[in-house]
Every structure is written in C-alpha cells, then in structure tokens.
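A.B. asks: One structure follows; several queries about it will come next.
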Amino acid sequence: MNRLLQIARKDFVDAIRDRQLYVLGALFLLIGLGIGYLAGSNAENASAVDVPRVGITAMAFLGSIAAISMSYNQIVGKRASGELRVLLSLPFSRTEVVYGTFLGRLALVAALTSASILLSSGLAAALGAPVSATALLAALGVAGALMAVFVSLSVGLSAGSADTTRAAAGAFGLFIVFLFRLWEGVPNAVRYVLNGFAFPSGPAPTWATLWRHLQPMAAVRNALAGVEPDLTVAFVAYAPGIPDSEPYFVEPWFGAAVALAWIVLPVTLGYLKLRTADL
C-alpha cells in the first residue's frame, strides 16, 4: 500500500510540472467564475440547486475530456519511453504502477472539478444567490464519480494498449459513445437486424431499456436520484429518461452498483493485460 501511494504521489507531482495542468486549471477557474457570476447576477430568480446542477452539466463534459487527456498516455507513454521498465526495476510492481497512476490522476482531475464547482458556488452565494449545501455536496460527489469512471477507462486503456494512438482512440471514442448517447443506438441496431433489416414497431423490450441504463452517465444519474433528485436534470443531455414504470435497473442502488463497476473494471482489465505483457 505504501508503494502504491508513492506511485500516486509521484504521478500527482509530475502532473504539477506539466504546462497542460495550468491551462486546464485556468479554464476550470473561468468556468467556475462564469457559472457563479451568471447565477449571482440573477439571484432573485435562482433556485438553491441551480449552481450545483449547472456545475455537474459542465463537469460531465469538460471534466471528462480533462480526465481523458491527462490520463490516456500515462502508462503507455512510460512503456514507449522505457520509464516503465525503470519503475519496475525498482521495488514497484505492475499492480502498484497501474493503480497508483489511477489514484494520482483521479486526485488531480477531482481537484480541478471540485475547485470549479466550489468557486462557482462561493461566488454565487457571495452575490446573493441561494446555494443548497446538500446539493453542493452531491454535485461534488457526482463529479468525483464521473472523473473516476473516465480516469479508470483512460488508465485501463493506457495499460492495455501497445501504443498511444490506440489508447487515445479508445478513450475519446468511449467519451463520444457515452456523452453523445451512441450507446443507446445499439439496441436499435440489434432489433433492426433481428427484425429482418426493418425497423421494429411497438415499445422497446425490457432488455433494450436495461442496456440504455448500463452506460455510466445513466448509472450515476440514477444513483444521484436517491440523494438529490432535483439535480438529475443535469444529465438530461447525456442519459435516457427514467421509464414511468421505474423498473429495478433505474433504482439508485442499481445505478450505484453499475457506476462502481465502471470505476473498478476498466483499470483492472488494463492491469490484467499489462501483467502478462512483454515490455
């Protein structure tokens, strides 16, 4: 555990020396200031969940891009440069390198997104807009969960890929699939083929609806519904609506389990691929 934290700390410190961090930090600072100012300038019409809600919407998109851009090259890049061999020649295992990198990158992007949300909330409150403390805490938790998902995907692909191009294509490709809701088109394509290459009529079957709620954006939204339902509208552009019948797979506990799987499985699969790779 101590060596794993050493890798995480090294990864975090290395990022501080990277100019990209300062560019992203300035961007997230401006986003936070902009959200806070807009809410504060219309304080009389603002609700207590407006700032956290907009913060989630912004971080789901921009924070995910930051998580990917700062993570996809972290292991495959070291592998290409020979730095990974040097690390493994020291008393570090591949397990510690992969999971330490995941923790270091997650700490970094979570700090960026949290700072942006806190700044926007603080400025809005200073200008007289109401800000719910419960909604703010929920927004911070949601942003952290989303960052964990995309850091896990990126580090997992980085660990399991032989070159940077594949890792980048995979990570940004999944970002497009999730945030632009291409994931939801898979059941439609399957039903089209099974129906003899004709569009089926009638309501979607249960398995198709279940599939749509297995993507991480929907899973985090469904988990959030059990804590702060008023914030779920932040995901309206990224996730399908909740069916009126409210089946088990839209329950908060199921959403939390699916989100946890998206955090744990990608980085673990990447590690398993790297564990047997010839460096």
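Cβ atoms here come from the backbone N, Cα and C positions, even for glycine.
Note that the structure is a prediction, hence the values are computed from the model and not measured.
From TrEMBL, for reference:
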- 21-39: transmembrane segment (TRANSMEM)
- 54-76: transmembrane segment (TRANSMEM)
- 97-119: transmembrane segment (TRANSMEM)
- 131-155: transmembrane segment (TRANSMEM)
- 167-183: transmembrane segment (TRANSMEM)
- 253-272: transmembrane segment (TRANSMEM)
A.B. asks: Among 97-119, 131-155, 167-183, 253-272, point out the range having the most Cβ pairs under 8 angstroms from the transmembrane segment (54-76).
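C.D. replies: Counting Cβ pairs under 8 Å, the winner is 131-155.
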A.B. asks: What same-chain residues lie close to the transmembrane segment (253-272): Cβ under 8 Å, and 6 or more beyond its ends?
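C.D. replies: For the transmembrane segment (253-272), the far contacts come to 75, 94-95, 98-99, 102, 145, 148-149, 151-153, 155-160, 213-214, 216, 218-226.
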A.B. asks: Which listed range (97-119, 131-155, 167-183) shows the maximal number of Cβ pairs under 8 Å with respect to the transmembrane segment (21-39)?
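C.D. replies: Comparing 97-119, 131-155, 167-183 against the transmembrane segment (21-39), the winner is 97-119.
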